[in-house]
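Participant: I'd like to ask some things about the structure below.
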């Protein structure tokens, strides 16, 4: 509807037409040449003149009144409800209007929303859509925000809610209509935003046309000053031209602002759809795929730009695939920012050529053919610029690739920071990242040098063209160069020069955005997991309900990385006999019986080998089984057999190449209104339903324990309490300070391995899913906890578990066998045996396999029988589910806490609030167990100390003294260049020369200018006069060219000097940031999300690299230019100083409003990006679990909500920038207008040359002042990045890596260990280890056991000072480890952590990143951990001979080895994803074998390997390699440490028992004996302890 408010709709239009007609008539009657004597108004004027003047004035007043009312008007939107009657806040009318999506759940938030997130429904709608045309034209609608920002600090709640058209889902839906197969991402994006681009083009073209009003009216004003003596001239016309100069300048500013604002709307919408696509793709992307497209491209371009080892090429390790998570983070930071910024200025692609065409035509009108002939020289610039652009594009590709590598390396180190610290590898990884950084900076320096060269060419080319034009015009064609022609030509040519200078940069910038968009597109085109429709039999095709809910495989072959893409794989739908024999309730459970003779023979070397050496990827073959519904099934097999892969195959992580998967599915949808649009736009057809998945590598959210368990389900207190009891979590929650409200940090870093496993299990059990896929949840818990979980949870027939299908992967086969109804035994990716235990127990093959899995090499089975014996009847008798009497006594006592978590939390909050004096209602977030703190945000002006950080990093005071001197000289050269033209044109006009000489401000310069000229006074001959004029033209032109070239050279030197300082600052800040973060205390990583840290290294560091120094220098240049303009105008017309003072006050007010508001908005925008990065980091790590739970819609919706929160700040940052631009440009137009008035008032003493010179600078004042304020603001924005980096430069640091008194190189020589009164506290006043004391003799093997939370892992960390002692000390070989540098300590002591961390690189790099050991020793370590073996050697004998024992150590190890690795250069992918968890733990064990330290700590190092492999590893540990080493082994498997020299039993952080295993077993009522009895393996453990005692 038309928005005319109180006015009739047609009235403003009629008034506008009347005003335009009246102005035209007034110009013809009063301002045209020859009408100077016609009165305008009054009694001497004609009636027609009075009427015309009155009518025009009334039209102007009416339009002014209409515009004034419109500025304060609020209009009801047709798509909204509300009364809109609040004049102070125009958007209150829609405060209660909430979208239907906001009524789904609390405030429309997803279960993943953070506590601190501001609900969008609680925000006030943006006033922009309801604002009037006048308010939108001058950007008055952000006034309320500006006023609030000037008075107080802005917070997230002060931001506006975006309009519906700017919501992410709206832009995503538009994009879906244009995103088609085979269509590039660039084309799809352009088509999506075509309406906005067309509108932007219209605004831009109109603005560019009005931009030529400046030169046009400048020409008319100079002409009027030249013709002041002409009787036909009309001074009124000159004053009208000055007024038009003001009007058209303001009009151009308004049109330009609207065009740029449309571009920002494009950016906001593009942000939303890019995050939607990236989040959806990450959730669909094949988890173990590769992404090498960019790396290949960058490698191909290296040959073109490489210059030796300037980049560090050739000294780095062999190139490997960069970490995928690092690349995704880089896409979300550097590439994301480039694309959105370029999208806002796409109008430059057509507006710049339009300006060039109009300017050339204008030059032709001024100078004739000479302009065209001169401009022909610019054609030579085209091929040169093309070559330079191609070179820059290659540099850009290379720079992006190196940046990917750097961010990926940093991401990987931060994800594995615990392992990096524990092994003392900080220096090596800092060096590795530093090498990548040096390559990046070397490439950046080459790019900056290229920019200087391009800038010189781009500046010199126009100078040559201008020299040719003036030379042809004056010398060849003999024309007279007047002030009108000269300064108008200079003004127009300045526009041509700006285009020529900016077009290369703009194109390069646009190319960078295009490259970044292609990088995003290449990620979106990566292989995806196989569509569910291709893997399963849909419910529609199923004959029975049982078939629709079946779980299993039918003649299935699956691979991790199929050679063909997902759409090309020959998948299940065409499987023979699939439809003819569907699974029914009568289908036998035992689908594949073993061949006679027992276990199937392995088809060859393990297919778990890496595919980097040309081998087939790991595959599952011939799967033909169906798990019984509503029962417990067990999957077992040796390490690397494919147990975890089988579960992964069920949930779709592997690619099906033959057969089909039986899996319950349902059409996607049904998640409520909040997710309806997400499910629809994500194009999900079928979705997995009724499945909960517990991965072997536990994945938890960065949230509270309760939020992790609920995982989107509604809270049911009774069900929740039962789940906590079943998963034995009650005791752990009582240990934690905040109970189940404790935030566990990223990757569950604040919990032990057993606790994270049980929280993940609780998440699956609490869910409403009927099928539970559980991967080895018993490996990280002690025996009694494992039995409790088995009896009360996995094998329970309680109401909560009744009827639920449970598939459990485990190595504890004997413990689980009495309770399961189905067993699957795997070997080398194939089913060795499958069936019910009662059916299999009579076969010798089953007994053989079971003995192999459970044997420890001593011939004694876990239940006390020989390993060759059959499974006893009692093993199967318990399959019905009844627990043996008394077996659950201790677990029941441990979890028998009847206090509910809600009651416990309420009581805890009451006590804490009383202690702290906090308000229990208002300060609940403070009293909760918050671990991850809100990101720190500074307030007010950027502190001077932050500026000093950057200034000092760039070079210090002497550098800046020299730099400012160069900037002053460069500005002086620029002014001299234009002033020389003023002297030239004045020399042609004698009167002008006299006026100039008489002007005191210019007399000296005038005299200096004429000093080299020959004295021509007294020469009257015509011939000599003509010669003088010819000589002077060449002279003036030559000096003008010389000054111009000198100015360009000075500018180039200035840029090189500044760019060198920029690289220096980038290097120093990155080094300091990397050192500070890597050496930070573990607590820092516990409380700081990974995305927040990565944001510093990527987005903030990119700002420091690419923008900070240049913008700072531009700000100084703009300040000098503004001072120059004011000085020039004031020198010509001193009265201007009065206007300048008034304008200065206006600028100060505008700047105060803008800077105070924009500064805080920019901080909010910067901080709002970190939650999005953290979400993606969480999403990448847990993608398999998220897909299995069918929770993709949660994460896509949350990603959209977080980018929406980022867009709200981003939107207002640029709204305030437009607010500033309109007002600064309007004030600048007033400066030009007042300058023109002063010049016209002083025509009696100012010649046309001086007027042209001053007006030229006056016209530039507006945009110079605008860029001064904007660059100053941008400097504060950039310094915000430095500020955020500086925050992390001051984080708490660990102890020094080295001390002045370094231990001798042989320390520790014996491994003797003494712990004296050790107290460890994570939280002051809450000790975890309490006065712990013990002595360990050299070479002694100590086992450490205890209940969960007893302090076992804390003790291991304390031995490496990962946590510092509060009291007491630890002595190693008599040396207090507190006096030893951390790196010296951690490199002399080896730990094999519970969670094995592998890094992207070769196997050799993972075992020996420092390159300290020979290949033969590395091969030997791999062989002794059973990862490789001699060709033809069986696994049982693979650890027979050691290099240390004098075995064969010839250099051809690679030719003699087979197994998982065939080369030390074999690649380990990100997080070791191409190895099983058990194999990763073996690699971690191999590290210890390589280092051979005197003190070795094992923290559940064999929890994820089968018992047979564990037994062989224990034989290796007891072998000659570790004979002289002291070993501290933390284990839940009691059989692992039962034959150790002594066993340390911890209970609540204190030593409960410490003696030999045999003696501890002999203690009636002892803790260790009780643990052995609860394990169900007492007979075996007693025999093993006795055997160890007799040795």
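Note that Cβ sites are derived from N, Cα and C of the backbone, with glycine treated the same way.
Residues or ranges marked as transmembrane segment by TrEMBL: 52-71, 184-203, 238-262, 344-364, 370-389, 454-479, 947-973, 1034-1059, 1119-1150, 1171-1190, 1220-1241, 1248-1269. Marked as domain 'ABC transmembrane type-1' by TrEMBL: 201-508, 962-1274. Annotated region 'Disordered' per TrEMBL: 288-320, 561-583, 593-612, 857-904, in sequence order. According to TrEMBL, the domain 'ABC transporter' annotation covers 599-853, 1313-1573. Taken from TrEMBL, the feature compositional bias 'Low complexity' covers 873-886.
Are these features on the surface or tucked inside, and what are their neighbours?
Facilitator: Within the same chain, residues 27, 31, 136-139, 196, 199-200, 203-204, 206-207, 210-211, 213-214, 217-218, 220-221, 224-225, 344-345, 347, 1214-1215, 1218, 1221-1222, 1225-1226, 1228-1230, 1232-1233, 1236-1237, 1240, 1259, 1262 sit at least 6 positions outside the transmembrane segment (238-262) and bring their C-beta atoms closer than 8 Å to a C-beta of that stretch.
When Cβ-Cβ distances below 8 Å are used as the criterion, the transmembrane segment (454-479) is approached by residues 363, 367-371, 373-375, 377-378, 380-381, 384-385, 388, 392, 489, 493, 496-497, 500-501, 504-505, 1030, 1033-1034, 1037, 1040-1041, 1044-1045, 1048-1049, 1051-1052, 1055 of the same chain, each at least six residues removed from its ends.
Residues 1043, 1046-1047, 1050-1051, 1053-1054, 1057-1058, 1061-1062, 1064-1065, 1068-1069, 1072, 1104, 1108-1109, 1113, 1116-1117, 1120-1121, 1124, 1279, 1282, 1286, 1289 of the same chain lie 6 or more positions beyond the ends of the transmembrane segment (947-973) yet place their CB under 8 Å from a CB of it.
Residues 445, 448-449, 451-452, 455-456, 459-460, 463, 466-467, 470-471, 474-475, 962-963, 966-967, 969-970, 973-974, 976-977, 980-981, 983-984, 987, 1012-1013, 1109-1110, 1113 of the same chain lie 6+ residues outside the transmembrane segment (1034-1059) yet bring a C-beta within less than 8 angstroms of a C-beta in it.
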Participant: Could you tell me what the rest of the chain brings near the transmembrane segment (344-364), counting residues at least six beyond its ends with Cβ under 8 Å?
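Facilitator: For the transmembrane segment (344-364), the nonlocal Cβ contacts are 197, 200-201, 203-205, 207-209, 211-212, 215, 259-260, 263-264, 266-267, 371-372, 375, 469, 489, 492-493, 495-496, 499-500, 502-503, 506, 510, 1214.
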Participant: Below 8 Å between Cβ atoms, which of the listed ranges 370-389, 1119-1150, 1171-1190 makes the most pairs with the transmembrane segment (1220-1241)?
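Facilitator: Comparing 370-389, 1119-1150, 1171-1190: 1119-1150 has the most Cβ pairs near the transmembrane segment (1220-1241).
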Participant: When you scan the chain for residues with a C-beta under 8 Å from the transmembrane segment (1119-1150), skipping those not six or more beyond its ends, what do you find?
Facilitator: 967-968, 971, 974-975, 1001-1002, 1220, 1223-1224, 1227, 1230-1231, 1234-1235, 1238-1239, 1242, 1246, 1250-1251, 1253-1254, 1257-1258, 1260-1261, 1264-1265, 1268-1269
Participant: Tell me, roughly as an integer, the mean pLDDT over the domain 'ABC transporter' (599-853).
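Facilitator: Computed over the domain 'ABC transporter' (599-853), the mean pLDDT is 82 on the 0 to 100 scale.
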Participant: With Cβ-Cβ distances below 8 Å as the criterion, list the same-chain residues six or more beyond the ends of the transmembrane segment (370-389) that contact it, or say none.
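Facilitator: Beyond its ends, the transmembrane segment (370-389) has Cβ neighbours at 360, 363-364, 450, 453-454, 457-458, 461-462, 464-466, 468-470, 472-473, 476-477, 479, 496, 500, 504, 507-508, 511.
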